[in-house]
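This report refers to the structure that appears directly beneath it.
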Amino acid sequence: MSAIIVNSPLYALDNSPPNPTSPTTQFMSQSSAQPRSFMTLAHGDQRPPLQPVKYQQYTPMDPPQGMSYAAFLRTWNDDTVARWLNEIKCGCHDETFRANDIRGDVLLELDQVTLKEMGISSIGDRLRILNAVKEKQQRRR
């Protein structure tokens, strides 16, 4: 009769020391002070801890039925403008828009000169913003 030998300290039947290179042995030998999961094994312990998500009330980007698009844009506050900036891949400028009081009531008045004056130096971001403003202007009509 032969014995089954498994590379785990729990199932070692031959009294030999466990294989130190075995993934099971490495997992079992970790300190129990810090719980580990398969996710931390796969990605290492270098990931930052998860942060809570800031709750933001959902605001539709389309006007309610019966409201003109121009009137709807005038209701946009700092958070709505920040969401719009995120949608057009320019969310890094939300603080700049807040600091310069750019909300829905003046959003459609933006141009190259104003964006430069606000300190938006990236030509790509200025073009993204202006193209999105142009789309809003056409939709207003």
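Cβ atoms are placed via backbone N, Cα and C, with glycine included.
Some features that TrEMBL has for this protein:
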type	residues	note
DOMAIN	76-139	domain 'SAM'
REGION	14-33	region 'Disordered'
The domain 'SAM' (76-139) - residue tally per DSSP class, helix then strand then coil | 46 helix, 0 strand, 18 coil
Across the domain 'SAM' (76-139), the model's average pLDDT, rounded to a whole number, is 95
